[in-house]
Every structure is written in structure tokens, then in C-alpha cells.
């Protein structure tokens, strides 16, 4: 079958012909319809330090997808041939304390689809059935293809109560922008997002943020004054991994504020702990999606009228995958969809 693989230990991803995966006793065999390019895939494409330490070569990559059930193992219940599905890319062990306590997203032995085992950039994907999510009919294939990053956004945005709160989001990448849309949808008062990429700040404006701020041209303190904010932000969503953005978040948080961190900063980031301690801030790390509460929330948010379609900026056939990666790397895009049909 056709697949995109990390074929060599150097920059690039290659179109390959690989064996169709076998469907195990508890697996679904999923015929892939659409995939999306993730920032993780870009890291793998560039072959950065993290990728060199993490990704086995050769291996099929990719983990954002939608497809149909083409075959089922004998032990599978609850699915039928033809069901539309997406799937949780974190495959957990089932026997550690967190798994047994129902906190599978905190499994200490997680394996990643397209990271530690063959991925979804292929005509077929074999996946444990317990990791598959059956999609409601009113969720489009395009939306379902980005459920993985949308889930990161939902998990982060809903980490703390947002109703009536002023929310600062640092980092207007696709996940940050989707988190901003979620925050507005669930009742936040002001949602302010910061970045230096004007293309993506414009996308955030289309998604309904109160203010999208280019911090290279505008002071966040001036925006807060403009909005009549006297006491700082109640909730912060750190999506950038940029140390200066996190420092600015700490400075502008209200006393008793809460911060959810999804962005991954460089090692040994300096933190002004006086801001954290004397303001009584709560900082929570966010990893992946809660299984499967986040997935049900994603579907419900879309069904209740949340529109994140502006984030889907490019769509192209799989044979144009090089163009897709170039578009993502340029920073002049939201999510890029690759069609396998």
C-alpha cells in the first residue's frame, strides 16, 4: 500500500510502498480517507534533535486522520464495517497506576501512533479498537481529521473554569487558535491571543477572539487597558513554548490566576518564581487528550455550534504531500489536510 515514511535518518519524508498492516484480535483496520499534518510531523520532516532521539527509521508516520472501518479483529465489539472513525494516538499500557485509575492520558508507558509505531499517513492503519472513536454523522471528515490537535485545544481550554473570565492565550498556532474559539464558545469574557505571525493572528480574528495582539508591535498592557481590565487575566493558556511569552503571561496574570501549559519550552527556562508564589498562581501541565472525555466534548462542542472551520486553510491530494509540508513549515497556514481517496 501507499504510505509516507521516514525512510532515512535525514531531513525529508518519502512516499513508499509498504505491506498492508495486519488486523489483530482486538484491532480495527481503518481505511484512511483524510490526514492532517501536525507540528510533530514537521519536526520529523526536519529531523531535529527530538526526532533523532525518538523516531525509529524506517517507519510510516502521521497521527491525525479520519477513515472507515475496513476490518475488525474477532475480539472487537461496538464497531461495524463502514463506521467512520478517528482515533486516539496515545496507546496506553493498561496496567500502570494511572491507567488502572482511569487516567489513561497520564500513562507512563505511552506509545505514539506515527511516533513509536507505524502511523496513519498510509492507505490503512491498524489500531486497537479501544483507541478508536466512532464519529457522529454531523461531524465532517475535514473536522474529524483534526480531532487530535482539536483535542489538545479542548483539553487545555477546559482545564479551568472559563465562564465570565478573562483569558490570555500565548501562541497563535492552530491549537492555540482552536483553544481561543473554545474559550469564547463556553463563555469567557475577553479572549486575548498573542503571537508575532500576522497570518495566524488574522486566523484568530476570524475565530472570534476579542483581540489578537502582535507583541512585536503592540503592548499587551495597552490592550488590557483598552478592554477595561484592572486586575489581570484570570486564566492563561500557554501554547507557544516561547520563554518570553510565558514570562509575559506570568506578569499579566491576576492574583489567584490559573495557567494551563501545553507549549513545550526549551530546557532550563528561567521562571520568575516571585510571580508564581506571591500571586498564588496555579500551573497545570497538559498532555494529549483525556481518554475519552475530551473526545466526547469535542463532538458535543461542534454539535452545539462551535465553528473551527477557518483553521482548515489548505487541502490537497496525498501526492502533493511535499507542498503540504512546505506550506506548514512556511507558517502561512492553519491546518493542512491531505486527501487519500
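Using N, Cα and C of the backbone, Cβ positions are placed for all residues, glycine too.
Features of the protein shown, as given by Swiss-Prot:
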- 40: active site, charge relay system (ACT_SITE)
- 43: active site, charge relay system (ACT_SITE)
- 38, 63, 64: Zn(2+) 1 binding site (BINDING)
- 93, 96, 99, 107: Zn(2+) 2 binding site (BINDING)
- 175, 195, 200, 262, 263, 264, 286, 287: NAD(+) binding site (BINDING)
Pairwise CA distance, residue 96 (Zn(2+) 2 binding site) versus residue 195 (NAD(+) binding site), rounded so that it is a whole Å: 39
Site of maximum Cβ density within 10 Å, from binding-site residues 38, 96: 38
C-alpha spacing of residue 107 (Zn(2+) 2 binding site) relative to residue 287 (NAD(+) binding site), in angstrom: 10
For residue 263 (NAD(+) binding site): intrachain residues, at least 6 apart, with Cβ closer than 8 Å: 170, 171, 238, 239, 240, 241, 242, 245, 246
Binding-site residues compared (99, 262, 264) - the one with the fewest other Cβ atoms within 10 Å: 264
Which of 43, 200, the listed recorded positions, has fewest other Cβ atoms within 10 Å: 43
Cβ within 8 Å of the mean position of the Cβ atoms of 38, 63, 64: remaining residues of the chain near Zn(2+) 1: 35, 36, 37, 40, 41, 62, 65, 89, 114, 119, 120, 148, 149
Least surrounded among the recorded positions, given as 40, 64, 107, 175, 287, when other CB atoms within 10 Å are counted: 287
CB-centroid shell, 8 A cutoff, Zn(2+) 2 site 93, 96, 99, 107, site residues removed: 92, 94, 95, 97, 98, 100, 104, 108, 109, 110
